[in-house]
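Let me begin by presenting the structure, written as structure tokens, before commenting on it.
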Amino acid sequence: MMSNVKKKDVPLISISLVAILFIAAALSLFPQQSADAANAIYTFVTRTLGSAVQVLVLLAMGLVIYLATSKYGNIRLGEGKPEYSTLSWLFMFICAGLGSSTLYWGVAEWAYYYQTPGLNIAPRSQQALEFSVPYSFFHWGISAWATYTLASLIMAYHFHVRKNKGLSLSGIIAAITGVRPQGPWGKLVDLMFLIATVGALTISLVVTAATFTRGLSALTGLPDNFTVQAFVILLSGGIFCLSSWIGINNGLQRLSKMVGWGAFLLPLLVLIVGPTEFITNSIINAIGLTTQNFLQMSLFTDPLGDGSFTRNWTVFYWLWWISYTPGVAMFVTRVSRGRKIKEVIWGLILGSTVGCWFFFGVMESYAIHQFINGVINVPQVLETLGGETAVQQVLMSLPAGKLFLAAYLGVMIIFLASHMDAVAYTMAATSTRNLQEGDDPDRGLRLFWCVVITLIPLSILFTGASLETMKTTVVLTALPFLVILLVKVGGFIRWLKQDYADIPAHQVEHYLPQTPVEVLEKTPVLPAGTVFKGDN
């Protein structure tokens, strides 16, 4: 086995750092030009390909449900028993798939839908208010998690069943197409992943820092300024650097458990001390509306209108989730060895969806209750003072509001640290050559990426670069990732046919297909000059 030094992909690391710094500098030095260019490209792409993206996400959901209910659902991803308990496993990939800014959207997103609803509903109407929680359920529900699931299954099959080298985009593309992972195309896809990941994490970090410092200011009277925000980022960075150094088993697993229980207990307490009947009725009603209108929400293109809601919300969200699929797939692969395909599917699309729906349902329903009873005009606060203030005021309106706000901020900072830890692992895996099943990236390399994804957001925050432009840029990286995902789906289906098409359903769970390497190892090497009958 190669040494850790030799396994590090130094050229990829160097090029990615230069590219990341170049993009950050461009956003800071030319903010208006960068914004205009990114918005023009985004508008063109979503107008041209938006409906195709909607259809593909729906098809992805159909494919993973088929896999879960067919004989292929019993395929075991690697030998042996699962490494982690089911609860720890669920918590870890939820932390990998969701940024800490989810806590912000879980309180405030409904107000955006109330003001600019979809399905041609009148803005600020009772119907718009009624559909605000269902749209949150839709955008954070089964369709979104199905994209993560599909990408994760393919990567896990590549790594644990086929035993191919490389826990990276270039590794799986090489296994499917034969393209050299160290060649220009392999480097390019890994480079896009690293850049998009840093960009997405920067957005999550800055939004979290802004929300945290606004709440901290309300609790302690500390100023809401760059110094305090920088302290929050460095504090979170210190936590996840320590966690990354300790490792997944003793670091991230513990952080994710804290986040999981915190994100469950916080809304549970809100449900208990808040207007329980209203919140319960609101959640059940939202589930009904989401289920009843699921296909229309999925395929709503607004052909007789301007289509702005679909482009700015549904298509944006689907592209945002797709841009995260490579990293989530790598991390889910790492923690899912020994699981069946159907376990991964139901864990991701049901476990994660139920978790999101519970948090969003309780927190948004409470905020709506305060709005309709005249306690807090959340939409107005959102427009005049910003979403961070809206979140802080909603939480402070609870009984013992300061305690709830403090608990919310505590969960948020640990959520941020656990998410950054998972991201650092995937970046280190990508920049490690020929990583094999059972191996982890070098601890020093993980720590290096931890430092990078702490300092880059800090510099963006300091220079005041546009987060909206960065958000648009990150979403645009979903287009090549979508093409790559389609290539991976084609390769995955081919692998399933080759390996399991002729295997009876009752034998699938215990059948292990021979990998190409194993086939070569078992092929006899004949002496030179061997003559076969009929060769004269």
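Each position is counted from 1, following the chain as shown.
Here the Cβ of each residue, glycine as well, is placed from N, Cα and C on the backbone.
Unlike curated entries, TrEMBL annotations are predicted automatically.
The feature transmembrane segment is assigned by TrEMBL to 47-68 (among others).
Feature annotation from TrEMBL assigns transmembrane segment to 89-107 (among others).
Here TrEMBL flags 137-159 (among others) as transmembrane segment.
What TrEMBL records for 191-214 (among others) is transmembrane segment.
The feature transmembrane segment is assigned by TrEMBL to 226-246 (among others). Sequence-distant neighbours of the transmembrane segment (226-246) (same chain, 6+ residues past either end, Cβ-Cβ under 8 Å): 205-206, 208-210, 212-213, 216-217, 252, 254-255, 413-414, 416-418, 420-421, 424-425, 443, 446-447, 450-451, 454, 457-458, 461-462.
Annotation source TrEMBL lists transmembrane segment at 258-276 (among others).
TrEMBL lists 315-332 (among others) with the feature transmembrane segment. If you look at the transmembrane segment (315-332), the same-chain residues 6 or more away from its ends with a CB under 8 A from one of its CBs are 46, 50, 53-54, 57, 92-93, 96-97, 139, 143-144, 147-148, 150-152, 154-156, 167-169, 193, 196-197, 200, 344, 348, 422-423, 425-427, 429-430, 474-479, 481-482, 484-485.
As annotated by TrEMBL, transmembrane segment applies to 344-363 (among others).
Residues or ranges marked as transmembrane segment by TrEMBL: 403-426 (among others).
Non-local neighbours of the transmembrane segment (447-467) in the same chain are 13, 17, 20, 24, 27-28, 31, 34-35, 197-198, 201-203, 205-207, 209, 226, 229-230, 233-234, 236-237, 240-241, 244-245, 420-421, 423-424, 427-428, 431; each lies 6+ residues outside the stretch with a CB under 8 Å from one of its CB atoms. For 447-467 (among others), the entry in TrEMBL reads transmembrane segment.
As annotated by TrEMBL, transmembrane segment applies to 473-493 (among others).
Taking pairs at least six residues apart, the transmembrane segment (344-363) and the transmembrane segment (258-276) share three or more Cβ pairs below 8 Å and count as touching. Contact between the transmembrane segment (89-107) and the transmembrane segment (137-159) is supported: at least 3 Cβ pairs lie under 8 Å, counting only residues 6 or more apart in sequence. At the 8 Å Cβ cutoff, the transmembrane segment (137-159) and the transmembrane segment (258-276) share fewer than 3 close pairs (sequence separation 6 or more) and do not count as touching.
Remote same-chain partners of the transmembrane segment (403-426), defined as residues 6 or more beyond its termini with a Cβ less than 8 Å from a stretch Cβ, comprise 92, 95-96, 98-100, 102-103, 197, 201, 204-205, 208, 211-212, 215-216, 218-219, 232, 235-237, 239-240, 243-244, 248, 251-252, 255-256, 258-259, 262-263, 266, 269-270, 326-327, 330-331, 334, 392, 395-396, 440-441, 446-447, 449-450, 453-454.
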